[in-house]
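Here is the structure we will look at, set down as structure tokens.
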Amino acid sequence: MSNDTNNNPNLLYTEKGPSLKSQFNDFFKQFPHHSLEYTKSIFPIRNWIGRYNLTWLYGDLIAGFTVGAVVIPQAMGFANIVGIPVEYGLYSSFVGMTLYCLFATSKDMTIGPTAVMSIILAQTIPRVKADYGDTDFPYLSTDITTTICFFSGIISLAIGLFRLGWLFNFIPGPVIAGYISASVITISIGQLPNLFGITGVETRLNPPYRILIDFCAGLPRTKSDVAIGLISLAFLYAVKYGCAYGEKRSTKYKKVFFFCGILRVVKKVPRGLNHVKVPNFEPQLVNAVFKSIHIIVLISLLEHISIAKSFGRINDYKVQPSQEIIAIGITNVIGSFLGAITATGSFSRSALKSRAGVRTPLSGVSSATLVILALYVLTPAFFYIPQAALSAVIIQAVMVLLSRPSYIRTLYYVECNLGLGCLRYCYRSLHNGIFASWGFSFIVLLARMARPRVDTLGRLALATFNRKSDKSDDSIPKYAFVPLEDPSFTTVETPPEGIVIFRFTESLTFPNSNYIDDSIVEYIELHTRRLYKRAVKKDDQPWNETDGLVDAAENEKLLPLRAVIYDFSAISYVDTSGFQALIDVRKAVNKHAAREVEYHFVNILDERVQNALIRADFGRQIPIITESINEKTENNIEEGIEFPKTNKRFFHLTIEEAIVEAQS
């Protein structure tokens, strides 16, 4: 700490931090070490693979094969939603489950095609064809999906490598929940025509409400497929709930019921990896893809991170969002060369893996082994499933993602973003809906930032106790400082005469600086006496000057202002506009009080904010410098005990200390 009184004798002190040059020198000295640590951090597998054991292997094999048995029909069904051959869904599952273990920070996650991503891709393909420009589109839908997969992977990889995963914290949970729930409704409605065998209903281009109208109009054309579809759907739910009931009733056969509950019927799959090739980078196609790729990147990363964090909370481990994004990026980049579609985390399969007792991310390799066996060896074992039965599998698989009524009730009382999101998504499209809901949430966030609560504090007397006698000791009163307007406190005392205390609930930044300025000045003008330095003729008064917010008679009843105390305990940052607002408040308040009012600050968390306030002349003594050190403080100094430096007249640790100083 150093004194700095050469330029301004009123400054008490300044804090001198490290120079910019020294910070740069330290950075470049540590750069090789940090680069090595950063490279190691990309592969979290190195932290646990050395401790791998047979117990972990057993759990991973069971969980991996369980998920592998489920992913095959789901992957085919999701590829069917996109409108491409079913084997492309299996390629995506194989690549995702093989590579994820190298970069994973979640043991439960399963990467592959998902219902939500499939519906987004199904809506994107027609847009890409329309944006391409030519009437005769020269490429297949699979060319579009692999190109999308590659570039979405590149973008995701860049986001992860630059550790920008924190950006997705700006997407609120209700928006994600609304988006996923709307996706479930959209997918289920889109499968109804196939479930009933109704042809001639466009399910990929039309919005859900249009599909539902066309489906109802086509009910007279229902075919015998409806019997297969409804029976399949009823069978799947009967097995699911029957096994869940048996699992609860019989602990002895709990595992048997669990594994029976995940059995599914599988459609025949073409043998092998038949579509290994470089993605199509034709410029016109790439340009058309980039017009729609932002929503795919956003959805894939949002879905994965939200699911990973959810299982991290459930199973008590920490998920690193940026590292998970790297895993998604590498999976999609490599998968695009094998014909895969864009992959992300699957909630239903991840929940299944968690329940099956997975121990490490390496379980994905056993799931991938089962998928590759299905592609190369086991294809004769799969028989053909009617389209209606496959639709039943899809509907049953996605319904688990629907938000529960209890969660919706909670949001009803707290937030309305979920309902607005669902309505917007279902009315038009997922593409536009998520931006509409996020935009609404962002506006709400800005409104809360721009209109924070500025509390005027009063004192609430607290009883103190003598440790030796355990009796109340009122000789030294203690206070809690609470909002004066809070109706839950009925015995709040106003601060001492001439002192006003303000507490901010948000950082002081440009969106809210004017509002806070106006709120403070308005309160002071309403509750303290307006004084005049000298008599001014009416003709000489400025055109915009008024007589204040209270009349002359009421003004005489008010007490003059002596000091303003700001509680900065909730403020972590003050920008230039915030400092200017405090200066403007000082100017207006000093004019109102016709004197130099003292300004005291409590609980400043950032030393830079304190120094900036001092340089803005808030550290000026009025009229002389006084310091108060009590007997206890002197004893601490003599005993060599470190304690916070509170002997700064306008900067304090407690409001009580600020009040005492303001009264001195």
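Cβ coordinates come from backbone N, Cα and C, glycine included.
According to TrEMBL, the feature domain 'STAS' maps to 497-662.
Per TrEMBL, transmembrane segment is recorded for 56-76 (among others).
The feature transmembrane segment is assigned by TrEMBL to 88-106 (among others).
The transmembrane segment annotation in TrEMBL covers 144-164 (among others).
According to TrEMBL, the feature transmembrane segment maps to 176-196 (among others).
Summarising the annotation, TrEMBL assigns transmembrane segment to 226-245 (among others).
Within the chain carrying the transmembrane segment (285-305), a Cβ under 8 angstroms from the stretch's Cβ atoms is held by residues 109, 111, 114, 116-117, 120-121, 124, 127-129, 131-133, 139, 143-144, 147-148, 151-152, 155-156, 159, 165, 168, 171, 176, 179-180, 319, 321, 324-325, 328, 332, 342-345, 347, 430-431, 434-435, all 6 or more beyond its ends. Summarising the annotation, TrEMBL assigns transmembrane segment to 285-305 (among others).
TrEMBL lists 325-348 (among others) with the feature transmembrane segment.
Residues 45, 48-49, 52, 56, 59-61, 63-65, 67-69, 71-72, 75, 87, 90, 93-94, 96-98, 100-101, 104, 106-107, 109-111, 266, 269-273, 353 of the same chain sit 6 or more residues outside the transmembrane segment (360-378) yet have a Cβ under 8 Å from a Cβ within it. Annotation comment: TrEMBL describes 360-378 (among others) as transmembrane segment.
The transmembrane segment annotation in TrEMBL covers 384-403 (among others).
Taken from TrEMBL, the feature transmembrane segment applies to 433-450 (among others).
Against the transmembrane segment (144-164), stretch 325-348 has more CB pairs under 8 A than any other of 88-106, 176-196, 325-348. Tertiary proximity for the transmembrane segment (88-106) is limited to same-chain residues at least six positions away from its ends with a CB under 8 Å from its CB atoms, namely 42-45, 67-68, 71-72, 74-80, 82, 112-113, 142, 145, 149, 269, 273, 275, 308, 311-312, 317-320, 323-324, 326-327, 330-331, 334-335, 338-343, 360-365, 367-368, 371-372, 374-375.
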